[in-house]
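There's a structure below that I have some questions on.
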Ligand code: RB5
């Protein structure tokens, strides 16, 4: 599976660590930056990641900033993106099972790396339930 990953400076360390673990697990990871711990603006990496998911260049994405909120807000401006912010394993599971989130947003400054990794693994391993949830997510895009 090909996964896009991005972060701002606040998520830089977690992004690199997460990408390394996922590569070891056999995932094909495309890194959209940022490429240093220098302060930068999260939309500059969130928009390219969103575009890659929308166009099918990557199957899904993972985005990190301090709270995860700026990433989620930016990503969800894209009609084809359902970015879910998860801060524990239960939210990681439900944003996939019920919302079929195609991007996972993580709050790098608010959770331990081990928690971010556990959330990511649950999110990747959980199937979308479909049914009534499909009807609901189909109503999300603006007409
Ligand atoms: C950066 O200081 C911080 O504002 C950013 O990482 C993020 O939390 C914004 O949503």
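We count from 1, first residue shown onward.
Cβ from N, Cα, C; glycine included.
It should be emphasised that the depicted structure is a prediction, and the values quoted were computed from it without experimental measurement.
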Pick from 17, 109: which one does TrEMBL list with 8, 9, 66, 67, 68, 69, 70, 99, 132, 136 for the same D-ribulose 5-phosphate site?
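Only hit among 17, 109 in TrEMBL's D-ribulose 5-phosphate site, alongside 8, 9, 66, 67, 68, 69, 70, 99, 132, 136: 109.
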If one measures from the C-alpha of residue 70 (D-ribulose 5-phosphate binding site) to the C-alpha of residue 98 (active site, proton donor), what distance in angstrom results, rounded to a whole number?
22
Reduce the DSSP letter at residue 109 (D-ribulose 5-phosphate binding site) to three states and note it down.
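SS state of residue 109 (D-ribulose 5-phosphate binding site) = coil.
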